[in-house]
Ligand code: NAD
């Protein structure tokens, strides 16, 4: 049983904490908070020891009656590995502390590949992180691209991908982010960072992406066009995606015609926080025209890369040499379809 600490208990951190706690071969030894807010209280209620990332704020926690077990540095001393889920850019700064402490660490997609040196996806390049000290789980959008493009590449080869990424403007709890009344090309330049990011885990893939922000909080939506290497029947593609782990085909004709309805489906599944770890591909959107495959998919940004963080722990600590075995263990513990 390995000991895992979560530095940054926010949208991603709290989900990774619960996912880790559900595994048989790992346990949570602590989570860190910057403020004594409701999430800090909830973490204690769940039985996670709480550590503070800003030691000067100890008094605030005391005044709020929230018990802390020490600082982030104390938490690191208790752990075999850190999952850093701090906001974009802070993880790279924390790397220095992890190096000094001699602890392995997993970072999230907000960090730059160059700052961490290695990126991770459970399906495309698990082996490269075996025994490594640090790796970065690619972003929610890049994880979504990996999940569906990898099985298609394995089935019939990919010549070139073009993808249009329609991104949620903010997560549901983010009250200060927008836009609330605009469609924003983001970035307005081509390509967006998603294509280059995919190349950090799916080597040699020829891809270009453009991205825009829209006023929604629920999910991202991707429109993907794939020039195929070898001829294939659309039914074979459907079959392949159907049997791919962490991917699900959904039918607009069955009432799942939008991201809102897909999130409603996640609520019906009774998942914690209504999380949808799987990438939802609209079955009706799958079509091949002149040797080019078209499809549309939806990505629950708060949840889809969480199982990948669990697999990354197994890779770095060499708990499982075979990615398929890790994926199976993670899926079983998290109830993934
Ligand atoms: P978040 O703001 O919801 O959570 C970050 C947490 O870290 C907060 O609780 C914050 O208080 C805490 N924190 C801030 N500074 C800290 C510090 N110095 N030390 C320790 N904790 C600190 O952010 P998030 O959405 O969970 O994003 C975390 C990472 O995951 C980012 O790299 C982000 O790009 C990536 N990511 C986010 C999403 C998403 O949709 N939210 C999806 C995939 C990846």
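Glycine is treated like the rest: Cβ placed from N, Cα and C.
Note that the coordinates shown come from a computational prediction; the quantities given were computed from them, not determined experimentally.
The annotation domain 'Glyceraldehyde 3-phosphate dehydrogenase NAD(P) binding' is assigned in TrEMBL to 2-140.
According to DSSP, residue 12 (NAD(+) binding site) is assigned to a helical segment. When Cβ atoms from all protein chains are considered, those within 10 Å of residue 12 (NAD(+) binding site) total 27, not counting its own. Here TrEMBL flags 11, 12, 110, 168, 301 as NAD(+) binding site.
The Cβ neighbour count for residue 140 (D-glyceraldehyde 3-phosphate binding site), using a 10 Å radius over every protein chain in view, is 24. Annotated D-glyceraldehyde 3-phosphate binding site per TrEMBL: 139, 140, 141, 194, 195, in sequence order.
What TrEMBL lists as active site, nucleophile is 140. Taken residue by residue with DSSP, residue 140 (D-glyceraldehyde 3-phosphate binding site) is part of a helix.
Among 11, 12, 110, 168, 301, the residues given in the record as binding NAD(+), the maximal Cα to Cα distance rounds to 16 Å.
Checked against ligand 1, the binding-site residues 141, 168, 194, 195 give no residue with a Cβ less than 6 Å away from one of its atoms.
Listed in sequence order, the binding-site residues from 139, 141, 195 having a Cα within 10 Å of the Cα of residue 110 (NAD(+) binding site) are 139.
Geometry remark: residue 11 (NAD(+) binding site) versus residue 194 (D-glyceraldehyde 3-phosphate binding site), CA distance 21 Å.
Here the CA atom of residue 12 (NAD(+) binding site) lies 14 Å from the CA atom of residue 141 (D-glyceraldehyde 3-phosphate binding site).
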